[in-house]
């Protein structure tokens with residue numbers, strides 16, 4: 001048995017899609033355990049680019065069992081579009097299964113998402129307006145509608161009617177927005193029910209049986225540790241649990257099943273939307289790094305804010321996830337930047353500390369304390385071993401390991417599958 005959890009160790013967009021793709025080739029089962037279509041994973045197969053939002057990255061390998069787990073909130077419209085797009089490009093999607101316990105996103109969730117964000121005004125949190133938060137709210141309030149409800153149309157229809165009555169009243173009286181038509185929703189979702197029925201399964205049983213049979217299981221996370229509902233920069237976070245503990249809840253396995261936890265770390269730091277960002281690089285230098293790294297959101301297209309590597313947040317990620325290894329991505333983007341800066345600690349009101357603060361107000365006041373390292377100018381995209389990398393590049397990697405206390409196992413030196421240096425394979 002081998003169970004590996006892959007998590008983002010920063011604010012998401014770390015390059016998890018590429019690392020998941022690499023590990024999926026070696027896994028038997030790939031399960032997505034949280035989030036929704038607000039996530040976007042980009043995978044390069046040769047010179048062909050695939051952008052996935054809900055379907056696990058393992059779908060690009062024939063014969064893999066790919067599962068959308070119970071911790072996901074599923075927008076069936078997005079899923080059907082994604083499946084059709086993959087089929088049109090010759091990808092076999094027959095290995096996909098959807099948890100009957102996963103919750104559904106309905107049209108009114110998206111309407112609420114947009115209305116609530118607009119209502120926040122200057123305090124907006126940067127939601128993608130895809131209905132993720134409101135769907136998780138319904139789940140926590142125990143009024144959510146699950147994928148398994150699509151199998152009982154009478155039950156599904158009654159639940160939608162009940163929820164819609166309350167939601168339409170909320171939209172009208174609080175947000176001064178039009179409501180949604182019940183019949184239109186039922187007609188739309190009847191089509192999804194017919195289409196998705198063969199894919200709906202007891203995913204908890206599937207994944208636990210696979211582990212009992214000694215198969216290799218990869219738990220694919222979305223977003224990142226700093227977007228976790230509890231461990232992230234609250235309230236500028238997502239509505240689920242991207243950390244390793246979320247894999248147990250969102251896939252339905254016990255914590256003793258997990259063997260390794262790999263944190264995906266971008267060689268610099270990025271974040272999308274609002275919230276404090278101590279190592280952010282502003283002005284032309286930040287713009288140049290954004291263009292060099294092609295830092296624009298897979299889901300939204302929004303430009304990402306860019307900054308230097310921050311090992312304060314990485315130590316926090318190492319602790320809350322129990323990281324056993326790091327997959328370092330986009331190292332090639334740093335080529336030509338000299339010197340390089342690594343944040344080793346924060347200065348807060350004159351005091352230097354290495355801990356990541358829970359208080360958003362405190363984090364906004366934190367000033368990064370930097371250590372400078374010499375950069376490199378050699379092209380590293382063809383490197384396939386550690387020895388192929390320039391000495392200053394290896395020094396940067398070693399310093400990351402020293403400051404986080406976590407060994408680097410994988411290094412991405414380009415977007416393609418083959419542009420990966422393997423120091424230790426998780427499987």
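Just so it is clear, glycine is given a Cβ too, placed from its N, Cα and C backbone atoms.
Record check: Swiss-Prot places 13, 14, 15, 16, 38, 39, 40, 41, 142, 223, 238, 302 at the IMP site, and the matching candidate among 128, 311 is 128. Considering only the recorded positions 12, 41, 300, 331, 413, the residues lying within 10 A of residue 128 (IMP binding site) on a C-alpha to C-alpha basis are 300.
A 10 Å cutoff on Cβ-Cβ distances gives residue 41 (active site, proton donor) a total of 25 other Cβ atoms nearby, all chains included. Residue 304 (substrate binding site) has 13 nearby among the binding-site residues 13, 40, 331, counting only those with a Cα within 10 angstroms of its own Cα. If you measure from the Cα atom of residue 12 (GTP binding site) to that of residue 223 (IMP binding site), you get 4 Å. Neighbour density around each Cβ, counted as other Cβ atoms within 10 Å, peaks among the binding-site residues 12, 15, 40, 301 at 12. Within 10 Å of residue 40 (Mg(2+) binding site), counting CA to CA, the binding-site residues 18, 223, 302, 413 contribute 223. Among the recorded positions listed (13, 41, 301, 302, 303), 13 has its Cα nearest to the Cα of residue 331 (GTP binding site).
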